[in-house]
């Protein structure tokens, strides 16, 4: 495969969703409560599909199974990552995700979920929940039972451009007024701890998963802070956010024309802002804010022209 795979996202309506995915990127969203864009997804709950080339119309899940050469003949049976855009028009539930070992045992062999967030935009006084203040499981449980959420939850002020690494076992929640790009393990397993006593459209409170959450949550909280590393490569600024066992994440900021080498691994790309073109072997591939693509393994040397920002990730 010698060309990028551009992808058609899948959209998810959520109790807490809004219209920012349409307003910021021009997507045709299904409703005024659209919370998630599954941009690069091969998950059974919603697989994105290829928009261009001979594989157009195929789901990413199909391509992963039928064309391992695109991905460098990987060992795993499951596409490892999931890239989302999230419109937190309201607060998300306070939740936690299991690690691989727990999910394999208790969630039908699924992957665990370590994730990360890049804050694309947010309101002036925006915050998120990352971690808690309990020292022991007994204290954690007591604070839940007494409803002492203000005393339990660790709140952090945020601004556009912030990056957060959220390992499995970390209590967390996005809060209202936040537009986020999320890169995560390919999992849809969530254990809700607190949902603000909200009801869904049927007037029912959403299910909580306190028992499972207590089994997987990290107590006391461990803050995984990653200091970004900035590199200048010609007309590109490369910010290295994280290189972990699960994924590596970068931001490529292009101003003009920047040359890149051939990468042995495949790359997942999302255009955050601006517009540009990827040039390989004399062929140009246009991309704009809201475009999502996969560069195949051993794609070859390429150039990006334009004024744009990409979030790039790989396993």
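For all residues, glycine too, the Cβ spot is worked out from N, Cα and C.
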Item checked: Additional site residue, 115, 182 [criterion: listed by Swiss-Prot with 95, 97, 172 for Zn(2+)] -> 115
Next item on the list: Determine, for the Zn(2+) site, the additional residues of the same chain whose CB lies within 8 Å of the mean position of the CB atoms of 95, 97, 115, 172; present them in sequence order.
Entry: 96, 113, 166, 168, 170, 171, 190
Margin query: Given a 10 Å Cβ-Cβ cut-off, pick out the one of the recorded positions 97, 172, 192 that has the most other Cβ atoms nearby.
Written below: 97
Checklist line | Cα separation, residue 192 (active site) to residue 97 (Zn(2+) binding site) (Å, whole number) | finding: 9
Notebook entry, point to check: Around residue 115 (Zn(2+) binding site), how many other CB atoms lie within 10 A of its CB?
Noted result: 22
Notebook entry, point to check: Rounded to a whole number, how many Å is the Cα of residue 115 (Zn(2+) binding site) away from the Cα of residue 192 (active site)?
Noted result: 16
Check: What's the CA to CA span in angstrom from residue 95 (Zn(2+) binding site) over to residue 192 (active site)?
Finding: 4
Margin query: Please report the Cα separation of residue 172 (Zn(2+) binding site) and residue 192 (active site) in Å, rounded to an integer.
Written below: 10
